Amino acid sequence: MATEEIDMSYWDVSWGEFNEDKNSSIFCESHPHIVNSHGIWEVMTFKRGMNFWEYPLPNLEILIFSTFFIWRLLDISFNKIGLRVPRFTYMMIAGIILGQTCHFSNKSWIHDIFFPDDNRPKVAETLGAFGFVLYWFLKGVTMDAELPFRTEKRSSVIGFITVIIPLICGSLTFRYRERRGDSSILRMEYRLIIFLQSISAFTSIDTLLKDLQIKHSEFGRIALSGAMVTDMLAFGVTFFNAIYYEKLYGFMQTVGFCLFVVVMICVVRPAMYWVIKQTPEGRPVKDFYLYSIFGIAFACFTFFNKVIHLFGPAGSFVFGLTVPNGYPLGTTLIQKFESFNLGSILPLFGSLTMMQVDLLRLFKESGDLIRMEGQIYEVISFILLVNTTKFVVTTITAYAFKMPLRDSFALALVLSNKGIFELAYYTYAVELKLIRPEVFTILAAYTLLNSIFIPMLLELVHDPTKRFRCYRKRNLGILKDGAALQCLMCVYRPDHITSMTDLLETFSPSQDSPMACNILHLVELVGQANPMFISHQLQKPEPGSTSLSDNVIISFRGFQRQFFEYTSLDIFTSVSVSQHMHEDICWLALSRSLSLIVLPFHRTWSVDRSTVISNDDNLRMLNVNVLRRAPCSVGIFVYRKPIVESHMAKSHSKICLIFNGGKDDREALAITNRMRLTEKRTRLTIIRFIPKSSEMDNDEWEQQQSINLKESVTSIVGSNIKENDAKVTYIDKAVSDGSETSRILRAMANDYDLFIVGSGSGIGTEATSGISEWTEFNELGPIGDLLASHEYPSSASVLVVQKQVYIHHTKSQRRKSF
């Protein structure tokens with residue numbers, strides 16, 4: 001095979017410990033060789049040698065600094081004007097800028113730095129490829145490996161259709177063009193375009209959602225679940241094609257991959273959990289384990305690349321899936337490697353890849369797009385056809401599953417996004433000579449434009465402030481009889497432990513009313529420590545030490561022992577700054593599909609209510625943030641003790657429900673009814689405040705309206721509250737303004753152990769007229785604020801309930817439903 005001769009006259013290679021043969025076709029290194037120069041004046045001092053940028057280390061440093069400076073400058077500038085684009089897009093743009101700068105100064109030293117005309121090893125390209133493999137591994141670590149098995153029907157169908165329909169459409173179009181016989185694109189190039197434009201790569205979607213800060217949302221979960229389904233289909237299509245086209249060799253590839261997955265599941269995954277159990281609670285994972293995992297990740301890359309001849313980074317990604325995400329192992333790996341990789345190494349991959357794009361050629365051929373001819377028109381038109389099909393079918397499918405039209409558009413945009421995976425695979429295909437450089441230029445340019453404009457369009461159609469809102473109902477009102485109550489109890493201070501356990505006891509779990517309790521201990525982050533999210537089911541304290549959540553664990557385990565047959569209990573600790581605690585609460589509720597979050601009230605008083613013991617503004621802000629963003633119903637619990645009397649064998653628990661018929665009151669009724677499903681003797685009083693009529697006296701009016709109250713309550717909760725139940729009392733009170741409401745509530749202050757009320761109860765009616773303006777704590781609503789106030793003469797506890805706000809679609813496309 002003939003060897004191409006390369007002009008080496010520019011380089012004084014012998015000075016840098018390099019050698020070349022007589023015709024300059026073979027380039028060798030002498031080891032150990034010099035990696036850096038003798039100084040910037042080397043040529044002037046020694047009258048020979050190389051410029052300092054010609055040595056490997058300075059050249060690498062210049063490339064790293066150049067790419068970092070440009071992409072960070074773009075990132076800061078775009079953020080200043082309010083345009084949020086994935087960071088990898090800026091890295092690609094940096095490559096375009098550097099590449100075109102070098103092309104315009106073809107004979108200058110700038111061109112020699114970025115495009116050295118020699119056969120020396122490309123250190124920067126190798127390091128960039130290393131960064132890409134590390135990036136794929138870390139993406140696997142951040143992903144929940146069990147997500148595909150928990151994917152709901154909606155995400156599975158969306159993921160399936162968004163791949164299959166574009167694949168079919170693209171294949172039919174390709175066959176039509178092939179029959180015409182005038183195609184300038186090779187068969188393999190067509191197959192590659194169809195495949196990569198039809199799938200939605202998880203890594204690209206995850207990067208987009210993370211950089212736009214909508215990953216931890218119901219919308220983000222659907223998008224990631226759909227992307228994961230497309231990835232699984234992509235693996236299936238890959239191996240089907242391998243077996244179909246390459247017969248035995250393809251079959252051996254498939255077998256090798258299956259064996260690899262079996263080893264990951266049966267050997268590596270249990271080993272990861274063993275590492276977690278060896279790590280004491282609150283302590284970092286040993287460096288030995290971290291670097292061993294790091295080494296195995298690149299061994300998996302080698303196995304895929306050299307043994308079964310598949311896309312190498314996919315091996316590191318699959319291995320990353322075996323690492324349990326979250327604290328301590330997954331979080332530690334991310335904290336240790338991600339920032340360095342994204343800041344220094346990965347930009348080399350994005351920039352150096354895009355530097356190979358021949359932008360001048362694209363501009364010269366752009367006229368062919370208008371004339372609808374030529375190679376560029378054929379590629380772009382085919383890409384647009386496949387992507388338009390993908391966008392339309394995704395939108396229709398999402399809308400058919402009751403997603404709002406705007407969110408259906410947004411989901412279609414997300415699943416149509418192209419980014420780091422597609423660019424890497426195009427580069428891989430060029431190396432394997434599956435596609436030609438001129439086609440690569442078109443595909444890379446399209447990928448760049450796609451990654452710029454889709455995030456901008458997404459900003460227009462998607463509202464990120466509602467990222468924790470759900471598309472499905474998650475509240476107590478929809479729970480069927482016998483269904484477990486999925487709840488989250490939050491503990492901020494030690495005195496909240498007793499209040500939350502007492503409230504749980506009022507539910508008294510039974511066979512007809514089981515509970516799945518999740519306890520979250522909130523610890524404020526101080527100093528320079530890293531945030532942590534600890535699952536006490538997986539991690540145990542170091543022998544001889546205690547956990548910072550010991551009191552929480554012991555107390556709630558005691559509650560579980562009381563009702564062990566009908567209660568499951570999971571305890572977590574979140575250590576974070578107070579400004580972000582609400583995100584941990586909402587994300588835990590979202591990820592575990594909970595129906596109720598219970599938060600402690602931020603103010604507590606002495607037993608005689610004469611002084612305020614604590615008034616924590618941080619806790620109040622936490623409660624407000626959760627109420628605004630919660631994916632399910634929320635209760636704020638004001639603890640004032642008498643609720644504990646309900647556990648006494650001979651006593652009745654006296655509960656008062658204030659029911660004015662609003663959405664929050666209906667949820668409060670559902671919670672109250674849940675408490676009545678227990679075996680305990682509970683006396684319930686349901687009070688409703690109605691407008692006073694001038695045509696009849698109060699007693700006659702209230703007696704007539706109490707019948708309607710019974711019918712309303714029975715219609716909401718069904719047969720659980722019987723019409724003639726002696727333990728349920730219905731009271732209608734006619735009022736003309738809020739002062740009468742206050743007087744009535746004060747008169748019954750000492751008659752009950754627990755008051756339950758909706759946060760929106762009575763708003764806009766005579767019941768709250770005149771007192772709404774004096775509300776101190778708006779999150780409780782006017783009646784809840786009255787019951788929780790310092791002046792209210794009662795020692796009864798108060799539970800204020802807000803029903804879930806969920807996103808749905810109707811014919812009028814309203815964004816919220818109650």
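All residue numbers here begin at 1 and follow the chain in the order shown.
In case you wondered, yes, glycine gets a Cβ from its N, Cα and C as well.
Pulled from Swiss-Prot:
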| type | residues | note |
| --- | --- | --- |
| TRANSMEM | 51-71 | transmembrane segment |
| TRANSMEM | 88-110 | transmembrane segment |
| TRANSMEM | 123-143 | transmembrane segment |
| TRANSMEM | 156-176 | transmembrane segment |
| TRANSMEM | 192-212 | transmembrane segment |
| TRANSMEM | 222-242 | transmembrane segment |
| TRANSMEM | 248-268 | transmembrane segment |
| TRANSMEM | 288-308 | transmembrane segment |
| TRANSMEM | 310-330 | transmembrane segment |
| TRANSMEM | 340-360 | transmembrane segment |
| TRANSMEM | 376-396 | transmembrane segment |
| TRANSMEM | 438-458 | transmembrane segment |
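Residues 133-134, 137, 252-253, 256-257, 260, 268, 275, 278, 314-316, 318-320, 323, 329, 332-333, 336-337 of the same chain lie 6 or more positions beyond the ends of the transmembrane segment (288-308) yet place their CB under 8 Å from a CB of it.
Contact counts against the transmembrane segment (376-396), taken as Cβ pairs under 8 Å, peak for 156-176 among the stretches 123-143, 156-176, 222-242, 438-458. Same-chain residues lying 6+ beyond the ends of the transmembrane segment (340-360) with a Cβ under 8 Å from its Cβ atoms: 63-64, 67-68, 70-71, 87-88, 91-96, 98-100, 102-103, 114-115, 124-125, 127-132, 134-135, 138, 420, 423-424, 427, 437-438, 440-441, 444-445, 448. Note: the stretches the transmembrane segment (192-212) and the transmembrane segment (438-458) are in contact (3+ CB pairs below 8 A, sequence gap of 6 or more).
Each of 123-143, 156-176, 222-242, 248-268, 438-458 was scored by its Cβ pairs under 8 Å to the transmembrane segment (310-330), and the highest score goes to 123-143.
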